[in-house]
Structures are given as structure tokens and as C-alpha cells.
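Enquirer: Before I ask anything, here is the structure I am working with.
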Amino acid sequence: MPKVRTKDLIEQFQLELVSGEEGIHRPIDTSDLSRPGIEMAGFFTYYPADRVQLLGKTELTFFDTLTNDQKQERMKALCTEETPCIIVTRNQDVPKELLQASRESGVPLLRSSQTTTRLSSRLTNYLEGKLAPTTAVHGVLVDVYGVGVLIIGQSGVGKSETALELVKRGHRLVADDSVEIRQEDEDTLVGSSPDLIEHLLEIRGLGIINVMTLFGAGAVRNYKRITLVINLEIWDQNKNYDRLGLDEEKMKIIDTELTKITLPVRPGRNLAVIIEVAAMNFRLKRMGVNAAQQFSERLMSAIELGNQE
């Protein structure tokens, strides 16, 4: 089922439906827009018919210079079975040739009072958000000191309990159990909760709790950009865990690589505090302060000094 249809644009941007009502359920499959200026001149070889078409003042002013036959020919070519809609901006008068072509082809003809540039920007942002690649990850997403921390790990390792402790310490829950993730651009992943389980947290032995009801509206968020992944796993004595923090592990979600930290779980370890420190340390690294690197440099300097003596 298409994520976006023409009728969604009409409702979202309060567009006036001039004609082509039978086509308002046409799907929109791309966030790219088209301003058919060169098509107005008669070049339709590479016409992107599957895009939303925007007709601004420039296009319609040039259109007025054409002959009557050219006007009819261009507008018929503009309205295809693939075209989701044509939007006339600035509340300009709709050419009668376009109105006729819209009625014959069933292409929705819409009108907006906004400028072409402004409407183009808003349409692009809206469509990119709706049509972005998505996936779902089993885990918990928490906003810790402004860092979107995705906590993953096998079932029963203590993800929800750790999230509860973080919420109790003043941080904000975004999603528990299932995190819906969409890629808004090349390096931006935004996580949110499915509507059915929004603001809910499942604690084994306690059941399902409503975080917003218990801790208030300040304890939850609807969505958050994900920048750090914490992987919880049962402590394995035969595995060598990172003790310096020099080697940075990565995890790929959709097309974006995120920093991943593996935390071994064993009795007595306060995971909530460790995750808080991991989030703060991550922010420091992004600001150029790397404690592990500084220690390594000091160690190498001490070794070199010792060798000289």
C-alpha cells in the first residue's frame, strides 16, 4: 500500500482541488519534485512524469507566449497516467488548456497560495519524511543527555529494566521492545515507537507500565535521532572485552553506520550509570576530547622517555 497519496498532500497543505477529483488516490512514490519549465518549451524526452509537478510564475508566464495549438499540446503531454498531481502556486489563474487536460486525463489539478520556493521546500521535507526507508529493531530507545541511545541485546538480558532506571534518573523513554527506525537522510536515523505501545514499558514480573502516567510528560519523547548503540550481553569469561576504548565498533542500520558499544552484563554492574557515562563520553568524543586516545599518547610518551634513559 502506498505511503503517500495525492489526497494526503491536499489535507496536509490545505490545497485547493480545481479538477481531477477522481485521481486524488494516485500514489506518490518519490520525494523529488518537478518544475516543468523545459517541458513548456516542448522537450518531453526526459519528462519525470511520476513526480509532483509544480507550476510557478516563471512556467506560466512562458506558457502565455505559446500559440493555442502549442498550449493544448504541452498540457496534454504534461498530464499522464503516472502524474500524481499538478500544483499551481501563488493562487495564479489556471490556464483553460491545463484545466481541460486535467479533466480528460483525471490528473488532480491543485492550487496553493504559497510561493513556489516555499511550497517546494515544505513538500520535499514532508515527502522525504514519509517515504524514507524504514526498519524495526528489537530494543529500547532512550534519550540520555541529548544522545539517542538504542539499547539492544538478547531477550531477557535486562534492556527494559535498564531503561526504567534511566527514566527514574531523569532521562526520557522513546520506545520499548520495538523501535521503528527511518532514515531521513544519508547519516540520520530517527527512532520512534509503534502507536500501539507508545510510552509503555514491559518489566518482567511487574507487567506493563505507562511511563508517562507514572513519571510525567517529561519522561517520554515521541521520536529521537539515534546516534549510539549499546549492546547488552551476558558476561562471557572467555571473551576479551574492550578496556581502553580505542577501538570503535560499528553497527549498520539501513544505510547508516552507528557507533556501537558492547557492555557485558553481570550481577553488581550498574548498567544505567555506565550508559549515562557512555553517552557523556560519546558527546565528548564528538567535541574532540578522547580520554582513551590521550591516555595512549601519554603512555607512549612515557615509554619513549623510559627508553631514552
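The chain as shown is numbered from 1 upward.
Cβ from N, Cα, C; glycine included.
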Enquirer: In Swiss-Prot, which of 30-35, 90-95, 252-257, 264-269 is labelled region 'Important for the catalytic mechanism of dephosphorylation'?
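Expert: My reading of Swiss-Prot: the region 'Important for the catalytic mechanism of dephosphorylation' range is 264-269.
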Enquirer: In angstrom units, rounded to an integer, how far apart are the Cα atoms of Gly153 (ATP binding site) and Lys159 (active site)?
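Expert: The separation of the Cα atoms works out to 7 Å.
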Enquirer: Could you tell me the C-alpha distance between Val157 (ATP binding site) and Asp177 (active site, proton acceptor) in angstrom, no decimals?
Expert: 12
Enquirer: Do any of His138, Ser155, Gly156, Gly158, Ser160, Asp177 (recorded positions) have a CA within 10 A of Glu202 (Mg(2+) binding site), and if so which?
Expert: Ser160, Asp177
Enquirer: If you draw a 10 Å sphere on the Cβ of Ser160 (ATP binding site), how many other Cβ atoms land inside?
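Expert: Step by step: centre on the Cβ of Ser160 (ATP binding site), count other Cβ atoms within 10 Å, giving 21.
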Enquirer: Could you put numbers on the helix, strand and coil content of the region 'Important for the catalytic mechanism of dephosphorylation' (264-269), residue by residue per DSSP?
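Expert: Grouping H, G, I as helix and E, B as strand yields 0 helix, 2 strand, 4 coil.
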Enquirer: Could you give the Cα-Cα distance between Gln154 (ATP binding site) and Asp177 (active site, proton acceptor), in whole Å?
Expert: 11
